[in-house]
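Contents: one structure, followed by commentary.
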């Protein structure tokens with residue numbers, strides 16, 4: 001049986017349609033501030049990438065956005081009826097209980113056999129349908145997780161390190177698939193990623209997060225910014241052309257904002 005690919009969704013041509021707003025978000029764990037003064041708007045059909053140092057609050061920010069974590073202060077506003085697809089940073093599979101890809105996808109509530117077949121086709125993994133989840137490569141697993149995330153055709157895809165465990169060629173293919181997915185579903189995508197050399201060619205806006213939003217901008221504005229070099233390192237900046245934005249501050253080694261000249 002030949003499976004037709006997903007039919008593109010025409011929700012609206014408005015690119016200014018707001019899906020999610022975060023207003024004055026703060027998150028504190030045991031008196032330690034994880035996020036402060038976060039203001040963020042996610043628009044329909046946009047791709048936003050969150051970058052920053054380990055421990056800077058990127059995954060915490062996604063959890064707040066998903067309403068999986070209640071902020072200590074601030075508001076999280078979702079468009080009424082917003083459908084969200086989520087790919088977590090890690091998936092823990094019990095190797096004593098093998099499960100096929102098709103069965104794994106079917107565990108998602110209210111999904112149909114045709115929708116599973118269409119998702120497998122979209123991500124070019126039809127041949128993996130009867131394979132064990134536990135035996136998939138990193139790239140194959142990420143494609144399966146993405147296929148599962150779009151089964152109910154979400155308006156927003158939230159991805160936490162979607163390229164983790166995927167080789168360079170696989171990362172390029174996956175980013176192409178994400179761009180294709182945005183076109184088919186007319187959805188927004190927000191992701192956390194460390195793969196900056198590929199990210200910058202495949203995103204509309206970048207947020208640098210280190211407890212707060214240090215800076216935000218489009219990829220093409222950043223390549224020569226001295227603060228970008230300070231944040232990510234001189235050698236990295238020399239090898240890759242990126243977006244330009246402006247910090248009005250620096251961080252010390254503990255992630256705190258420096259007052260005056262920063263010696264870090």
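Glycine is treated like the rest: Cβ placed from N, Cα and C.
Taken straight from Swiss-Prot:
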- 20-235: domain 'ABC transporter' (DOMAIN)
- 52, 53, 54, 55, 56, 57, 58, 59: ATP binding site (BINDING)
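Take the mean position of the Cβ atoms of 52, 53, 54, 55, 56, 57, 58, 59, the recorded ATP site; other residues of that chain with a Cβ within 8 Å of it are 60, 209, 210. Between the listed binding-site residues, namely 54, 59, the fewest other CB atoms within 10 angstroms of a CB are found at 54. Mean pLDDT for the domain 'ABC transporter' (20-235) in the predicted structure: 87. The binding-site residues listed here are 52, 53; among them, 52 has the most other Cβ atoms within 10 Å of its own Cβ.
Cβ packing within 10 Å was compared across the binding-site residues 55, 56, 57, and the lowest neighbour count falls to 55.
Shown in sequence order, 50, 51, 52, 192, 209 are the residues of the chain, 6+ apart in sequence, with a C-beta less than 8 angstroms from the C-beta of residue 58 (ATP binding site).
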